[in-house]
Amino acid sequence: MHNHNKIANKELVVNWHITEACNYRCGYCFAKWGKQKGELIQDVASISQLMDAISGLPAVLNQMHAANFEGVRLNLVGGETFLNYRKIKEVVKQAKKRGLKLSAITNGSRINNDFINLIANNFASIGFSVDSVDNSTNLNIGRVEKNAVMNPEKIIHTIASIRAINPKIEIKVNTVVSDLNKSEDLSDFIGQVMPNKWKIFKVLPVVANHHLISEEQFTRFLRRHQRFGEIIYAEDNTEMVDSYIMIDPIGRFFQNSDFNNGYYYSRPILQVGIHQAFNEINFNANKFYSRYKRASLN
């Protein structure tokens, strides 16, 4: 099930979708599981057990792939990651106890001073999802809570506040390019934020049959922003397949191996163990590593 070619040293990035809950309703969000019961984030003992299991994952991959992963960066994603301060604080405590590095992806809308301090003092990296800075586009995408559309100025302010506490933190911007924002120019926003990385994804057909774009349209978006080529990491659909280690809210590995049939899942990690669960999904270690190359904008 796995690709066995040897790859270079790298920290292992594990994406844990801690919850499906979100205050936005983006139409092409891929973090949808039908509101499952039993999210591990709700239970302290389950969080602890999952952290133990994740700590052992580099050894599993090193054995299976003749790789040399040395540590784990636990990337917290949602849903929206920063909805419940108490629960995130518990995850931070458990992760740090085991020496795991932390990062997260957020829409930024609910980040208050408590979260700013927690992030700045405990996270190596924080990524903000920004697909558009245009109100009507964000409304069409679903980046809206009640009547409040995503506010780019709040994100700029939040990033400045986090950097003021921890100037060394890595700031990322994640952008999904779809039919709704393919013609937009985000240069002013990116120029203000000056992130360390700008990850640009082509919308996945696994979650949306509408709003899809062609390879040419995706390339045009990249070329429009080529002055940021040094920080852009672009991913088309092929590069995203089997190249992420993802855990769903109830503790199963899942993979987007086949765009036409949704996701493939392992059995729950806490039931069958990390080695067995990981064996039940596809993972391409070379693709994982090559995702970190910079996009070629020539």
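Note that Cβ sites are derived from N, Cα and C of the backbone, with glycine treated the same way.
These features come from Swiss-Prot:
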BINDING   CYS22, CYS26, CYS29  [4Fe-4S] cluster binding site
DOMAIN    8-235  domain 'Radical SAM core'
Cβ-based neighbourhood (8 Å from the centroid) of the [4Fe-4S] cluster site, residues CYS22, CYS26, CYS29 excluded: TYR24, ARG25, ALA31, LYS32, GLY79, GLU80, ASN107, GLY142
Per-residue pLDDT averaged over the domain 'Radical SAM core' (8-235), given as an integer: 94
Cβ packing number for CYS26 ([4Fe-4S] cluster binding site), 10 Å threshold: 22
Cβ-Cβ distance under 8 Å to CYS22 ([4Fe-4S] cluster binding site), same chain, at least six residues away: CYS29, ALA31, GLY78, GLY79, GLU80, LEU83, ASN107
